[in-house]
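Among the features that TrEMBL reports, Zn(2+) binding site is placed at 65, 67, 213, 302. Look at TrEMBL and you will find 94, 186, 216, 302 tagged as substrate binding site. The domain 'Amidohydrolase-related' annotation in TrEMBL covers 56-403.
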Ligand SMILES: C[C@H]1O[C@@H](n2cnc3c(N)ncnc32)[C@H](O)[C@@H]1O
Ligand SMILES: [Zn+2]
């Protein structure tokens with residue numbers, strides 16, 4: 001194994017390119033960027049030196065909407081409409097999930113995210129104590145939420161409340177600054193207003209975030225208006241779920257007033273363009289309205305059964321292209337903004353730092369291959385990163401100063417892949433045996 005991966009301590013990335021300039025980046029033993037510039041090496045006595053020549057440094061990417069363990073369901077059910085896909089294929093299979101599956105699936109998802117430059121993610125799923133163990137093993141950051149689904153049934157609500165409280169207590173007991181917890185009311189069509197209200201009050205009391213699906217499909221909006229007499233964002237707001245710590249995934253069918261409401265409440269809207277196109281939700285997030293209103297807009301992949309990968313480099317391109325195409329505007333969401341969505345906006349949403357390469361920021365750093373085909377010629381690094389490259393251009397990944405991948409090597413990769421394949425096989429076999 002490459003010795004840089006196993007080494008611990010302070011670190012110097014020597015002669016790396018940032019915004020066209022060649023600099024050194026010094027990282028102290030706490031994992032903070034201590035200095036950037038020609039004299040950075042003087043600030044620390046580096047235990048590790050990484051050669052930054054032919055490398056472009058960018059901030060670590062932040063994926064603000066995932067169901068990480070769904071990596072086990074990659075390719076299991078494709079080419080369906082959302083309601084059928086969930087109710088006929090995904091939920092029946094998820095009923096057979098075990099904690100071991102979630103551990104294997106989340107570790108596998110972390111591997112894929114690291115290999116494509118992601119350092120932090122916002123996850124909503126089940127058996128999240130096991131997801132936490134996987135995140136801890138892989139050295140990433142994550143905000144973990146239990147997917148709260150009460151389907152309007154009081155008994156189920158009680159169970160979901162217990163599961164949420166148990167996860168919050170568990171994550172607190174880990175006392176790991178890289179792992180945080182949030183409340184995860186799935187959506188307005190799977191959680192009753194009572195459930196939503198409980199989630200909002202509990203999140204406020206615990207001072208933690210809320211992770212929710214919002215206005216993914218037109219049907220969600222139409223049904224919500226028919227049942228509750230208001231659009232989904234207003235229902236969430238009435239229940240107290242729209243806060244500066246809320247991440248609302250999708251936001252495809254928001255109207256202009258809902259965009260302003262999200263901005264006023266300080267909510268982050270997570271764009272998930274690949275999933276939206278694959279499930280044909282038939283409307284792109286109105287990014288221009290959210291932007292005009294001043295809302296924070298971040299980027300996510302959604303789960304591996306609707307994407308079908310976790311490559312946020314690719315997702316930046318999907319976001320930029322979908323926005324231009326859907327709103328008929330080639331100037332909408334330029335490359336620089338797509339990178340902002342995938343870095344600073346995501347970091348702001350999850351509270352993981354500024355999401356920039358600046359002194360005092362956590363050393364969440366990605367090194368891209370400047371010599372790769374996708375980076376040649378190198379007129380504009382942002383343009384190449386968004387429009388030409390994918391995760392394959394990511395060579396080295398640091399999270400809080402710890403090297404998670406170097407020269408595309410991640411410790412334990414083969415075993416992680418083998419275990420995920422076995423877990424996926426066994427999950428599908430168990431589901432088939434019972435049907
Ligand atoms: C947390 C829950 O969310 C489900 N899930 C996965 N993808 C989507 C989506 N695009 N929309 C709604 N729910 C989704 C998971 O399958 C799980 O049941
Ligand atoms: Zn989702």
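For all residues, glycine too, the Cβ spot is worked out from N, Cα and C.
A quick note: this is a predicted structure, and the numbers were derived from the prediction, not measured.
Mean pLDDT for the domain 'Amidohydrolase-related' (56-403) in the predicted structure: 98.
Checking the binding-site residues 65, 67, 213 for a CB within less than 6 Å of any atom of ligand 1 leaves 67, 213, listed in sequence order. Screening the binding-site residues 94, 186, 302 for a C-beta under 6 A from any atom of ligand 2 leaves 302. The Cβ centroid of 65, 67, 213, 302 marks the Zn(2+) site; residues of that chain outside this set whose Cβ lies within 8 Å of it are 66, 124, 249, 250, 270, 272, 275, 300, 303, 306, given in sequence order. In the structure shown, across all protein chains, 65 is the one of the binding-site residues 65, 186 with the greatest number of other Cβ atoms within 10 Å. Residues near residue 213 (Zn(2+) binding site) in space but far in sequence (CB under 8 A, at least 6 apart, same chain), listed by position: 186, 187, 248, 249, 250.
Less than 8 angstroms from the CB of residue 302 (Zn(2+) binding site) sit 65, 66, 67, 249, 272, 274, 275, each of them six or more residues away in the same chain. The most crowded of the binding-site residues listed here (94, 216) is 216, judged by how many other CB atoms sit within 10 Å of its own CB. The secondary structure of residue 302 (Zn(2+) binding site), as reduced to three states from DSSP, is coil rather than helix or strand. Residue 94 (substrate binding site) carries a helical DSSP state (H, G or I).
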